[in-house]
Structures are given as structure tokens and as C-alpha cells.
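Features reported for this protein in TrEMBL:
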ACT_SITE  H218  active site, nucleophile
ACT_SITE  H507  active site, proton donor/acceptor
BINDING   K220, K509  substrate binding site
COMPBIAS  25-36  compositional bias 'Polar residues'
COMPBIAS  53-65  compositional bias 'Low complexity'
COMPBIAS  579-596  compositional bias 'Basic and acidic residues'
COMPBIAS  597-637  compositional bias 'Acidic residues'
REGION    1-107  region 'Disordered'
REGION    399-425  region 'Disordered'
REGION    579-644  region 'Disordered'
SITE      S533  site 'Interaction with DNA'
Amino acid sequence: MADGYARKRRKVATSEMETEVAATPSGNPRGTSNNGVYRPISPPMLRGRGRSRASSPSPSGAESGLGADAGPHVIKQTLTHPPPTQTRTATPKSVRVPRRGEEDDEERKHYMRYLRSPIQLTRISGLEPAKNVDTLALRDIIGHPLLEECWCFNFLFDIEFLLQHFDPDIRTLVKLNIIHGFWKKEDQSRIALLEAASRHDNVALVPAYMPDPFGTHHSKMMILLRRDGFAQVVIHTANMISRDWGNMTQGVWRSPLLPLKEKTDALVPSSSNGQEDEAYPIGSGERFKVDLLRYLRAYGKRLGGLMKHLVEYDFSSIRAAFLGSAPSRQKPDAARPDIQTSFGWKGLKEILSTIPIKQSSKDQGRKANIVVQVSSIATLGANPTWLEHFQSVLSSHSIATSPPTARQPSRPTIFTKPSSLTRPSNATSTFNIIFPTPSEIRASLDGYGSGSSIHTKIQSTAQQKQLEYVHPLFCHWASTTSLPTPAYSSSSATNTGEAHRGLAAPHIKTYIRFSNQSRKTIDWAMLTSANLSKQAWGEVVNKKDEVWIQSWECGVVVWPALFDGEGEAVMVPVFGRDAPMDKDVDQHEDAGMKEDEIVDEEKDPDETEDENEDEVIDPDETEDEIDPDETEDEIDPDEMKDKAGQDIVVQARKKKTKIANVPEAAPKLEPKPVVGKKGKKTVVGFRMPYNLPLTPYALDEVPWCATLTHAEPDRMGRFWPA
């Protein structure tokens, strides 16, 4: 290959224009040696009609000739639209010849654009393929043969298990950096990590700063650097052990493949200086980068090399807000929400305060429903002070604005600066907490074994008082779809869906605001490592005017407006798949809302933040516990392979659906989407990990507690504790 590039040409069908495809091999932009891992790769024939590809390496494994299984399932988050109409080469008389299947502009106004869920679920080894559609195995995430370096942030590690999921040809060449929180010399987990790492020259251990004895390094994130010049950020909920990637429900968010910046682009600074005062809107890729680098900076010099690399990449294709927690004592008055997002609940409030909430006239008077689904509930206190404060944070939002008119610019900003919209509402939302019961743990695929990763405590007097005020909020994990939703009028239909995860015990953590209690549309959704705990989110502001955070956490927040520059988007729950369909769009709900039907939700201008009661921390509380009997079985290599995919455009009209794969566009190109004549222009799916409607606890039901004895046998005939 001359100059390291291979160029291939092909002819498309005679009814289409000729397309030149340039295939770029995996370069080595960061100056490291090839180590003999490069293999000739030829791109497959493109199926696009009249489209040309850039000469940079394709972010999709399927499009780089590696097969659908090798490449990551990249969620393309650039604002695209259905393929524009095109013409053949002009005839001698310069008469325009329409392409086959082309329709006029009036017909195109009936189309809606459907986008895949920004998060995915992990594959469950104990379920059949029909219940694992669009799911991910660990190998789908880190098994690419061009992977050069993996920075892995987590709580629990099995190094051998992790290495087995790299491509076998480069398993000993990938540089694996493990960021952990085991700092005590006598800690058995630290000793085990040191012994395992000593057997591999390509594994390095990076201990995180842990100033508080009851804090944990609970973040679950991977930053992948590739030999072809791309990087990727992966935020998920699974520990790096076989049990978590086998039969437990987990969630994954993956950024698009991030290219290196152009040499003329200004770099986001890697250290605190005057340049960092530039304000980027929350939800933009640039702001994501600023907040991610700030989180990494909290580790100190240990991660200086990683930050130096990340500065070189273009994050503009990301559509999400990064939210981290790091051990700290923050001063709320020192927050700079225009410039950077705070840690913990303060940062969550800053993000949610930029998200406009809209209601149709028929929804006026109905309350939104915020559903918290976690795998651990810590000691929150004998009184509900902290939980009530956290509920007020989750209720924050900005003032809804009307969609732009035709006279407004075609590309209005899709983001809002937090300084101008900071009025929260805490009177218009109901709350539920999804948490499994002992019977659900017994019936799960791993039985009581999965219960070692799911925690709450209900034994002590203080814990019993906490249970009293939390119990009315509890709903089942494995709820049945046949039961009615409580506290909602039977005259209005509720959303019903089967997530196929009732038998896979939950280790995923999601926080979702549904527009109302029918749960047919979503205002925002968050995937995070953070459970319901003060250590993760931070204490209420104390007498010293501080927010005390003890643990490391990270997550992402997404909302509909991120995926449509004109605000004409709706997010809907999807079940058993990532892509929304016609049936997921309720034409009588938010999807058919007109401009004059939009009303602002009630706002509480007098909301204040409760002060910390200086409650005693439970010294036995942990986010996750290590199972000493844990097995380290590998994921079944015969599991269903995941196919690499991109956003889809569904042209839905008169119950006829046409799905077309849209080739990857340059990250900065954001063409105006097709305007829907009826309904929203863009419909974004959100993959649900649990069934709807929700099923509340009965009065005599209690949450699973791993520190109690359970005499009833699980599905394998075992008892707890074993």
C-alpha cells in the first residue's frame, strides 16, 4: 500500500451514481510501534445509494471489513435525516430524472425519524436469543483487533476474565490500565490484583485516591484508544467479573468513535487555566469533554498521560451529559455551572435544570413519574430529610419553550446554559423505587448468588425507620405486565411492555423521568454507577456550607432535545429491542402535541436545600460486596453475536415502515431533519431494563437483604447464606 493507504473503487448499480471509497488502514497517530498486529482489511461493498465515504477509517467494525461481530455497536448521535432526494447524471437536454422511490416534498412531510436507544443492555447467557436482541457481550465492546490501550475504571476486577475478552491476536499487546480503589495494604482484593497483574507485562494498576474510609471506587467506565486514530468512552454498570456479565441485568452507554482533532482545532485544556473559562452548553460533546477531563483530573497525576491523549480527540459527536462523583467537599457557592458541572447531586441538579419539560393540555394537572431503579440502598437516616432533598433535585427542570417557527434559523441551539434556567419544581412529580424482593432473587437465573451484589439493610431500629418511609415507594423488579399501575386513573391507558429481564437480577442503575404516569414518553433518563446513597451523591449541605462526597461514580444523562436541533423530538420506552417502532409512538400523547398545547409545569420559587443533620455513618455499609465463592466462568463463546449497527431512519407513513441504515456522517455535519406533518420529527427509543406497568410492594413484602438468613431454597435448591 502506497503511503499506508489502500484505495478501492467500485461501481454501484447503473441507476446510481459512481461512488469512490477510500479505505484507510490503521495508522498509528500516537507514535507507538505497530508490533505486527496490523492485518490487511478491505471494506465491504457499501449499500448506500449515491453516497460517498470519507477516507478516514470507518468507525463501524462492520464497515471496516471486520464483520458485524468484531466492531462495536456504535450509536451514531450526529443529527442526521432521511436520505435526501438525488438525481442521476443530467441527460443531454438537462432534464432532471427522478430516482426510483423518490417522493415529493409534501409526501416526505409525513415521515418520522426513529433513532436507536442511546443505551443498550448486556447479553444474558441464560436467556434465549429472542430475549437478547440488540444486546452486548463484553467482547463486543473491547474485542476489536485495533484496540491499543484500555483504561478500565471499576470496583471489582478479575484480570484473567477481562483479558480473555480482548482479540486473541493482540491480547498480550493491549495496554490494560486498571483504576481501582483498594488502598489498604492488607486488603485481600488489593493483594489478589497485585498477584494477577504481576503475571502480565501489559497490565498496570492505578490506585485511586480514597480519603474517606467508607467511600468506594464505584465508577464503571472504560476509555478505549485505538491504533486507527479513534477513541471511545464507555460508561456502564457491571463489575469486571464473570457473574456481572453473565446473568445479571446491566446497562452500557457508548460514545461514537471519536476522531483525532484537526490540527487547526483549538484544544480543550488539560489543566486549570484561563482558557478553561470558555462555556460549552450542557449536553454538547465539548461540555462532555470538559466534565470528563475534570473528573479525571480528580485522580491527580496518576492519569496525566490519559488526559494528554484525550485532549487530542474531537468529542463533538457526543449527545449526552457526563456526571461524575469524586471524594470532595464542595462549596455550592463556588460552583461554576456555566463552565463545568459539579460532582454528585449538585451536578445532577445543574444538568436537570437545563432540560425543558413540556406538557400537552390534556396532561395539565397530571404529575410526572420519576422512577429510581438501583441495586443498593444505603443508610439514608431515620428521617426522610436526605431522600426528600434528593427528590427535589430529581424534580429540577427548566422552563419549557415553544418549538421554533419557520422564520427562525434552521439550526437553533439544542442546548441551554444553566445560568438562565435554574428554577426547579418539586411539587409535580411522583416517585417510585424499583428494588427486588427475596422471592425475585430466589427465582433469578443465578438464584441467591445474584443477591450477593444487591444490598440494603433493614435490621436495626434506624434501618426499620428508614424502611417505613421508603416502603410506600417500592415496586417489584420482575413486575407482571397484567397488573394496573397504582395511583393512576383507569380511564387513561398505561404503557405495557416486557423487557425480558425479570429473571436476570438487576445490577443496572437507571433514573428515569416519565412525562406522566402513563409512562409513554420520557423527559430524561440517566444510566449511572451511583446507587441510592449519601456516599455516591453527597450529603445535604451541612453547617460548614459543604457537600461531602465520599465515593467515585460516573454516569450519563440523555434527553430528547439532544437528538433534534429544533426541539421537535420525543423519547419513548422500547422493550426487547433498541429501535422504536410505530407502535411505540402514541399519537394521542406527547407525539402529537401542537405548539399551542404546551404549558409550563408548576414551579416552586421558594425551594431550599435542607441542611445536614450530621447523622452517623454506618461503618458496615458498602456499595458492593465481594463474593468469596464467586466462580470465574467465561462467557459462552456460542452466545448470539451482536451485529454492529447505527441509527436508523424509519419512514413511517400509513402504517408502512421502511428502515434504512444511514452511513456514518462527519461528526460536525448536522443536516436539518425532515419535518413531520403530524407528530414529532424525531422519535428516540430508550431501552427499558424493567417491565411496565410497575407493580408496587404488598404491605407484607420487604426488599431483599443480603445480611438476613433466607430459609426458602432458590431455583437451584440452595439456601442463604450458603
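Glycine too: its Cβ is placed from the backbone N, Cα and C atoms.
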Request  = Inside 10 Å of the Cβ of the residue listed as 'active site, proton donor/acceptor', count up the other Cβ atoms and send me the figure.
outcome  = 24
C-beta crowding around K509 (substrate binding site), within 10 angstroms = 25
Request  = Would you mind checking how many other C-beta atoms are within 10 angstroms of the C-beta on H218 (active site, nucleophile)?
outcome  = 27
Ask   = Just counting, how many other CB atoms are there within 10 A of the CB of S533 (site 'Interaction with DNA')?
value = 25
Task = Enumerate same-chain residues with a sequence separation of six or more from K220 (substrate binding site) and a Cβ-Cβ distance below 8 A; give 'none' if the list is empty.
result = F153, N154, F155, I235, H236, T237, A238, N239, S529, C554
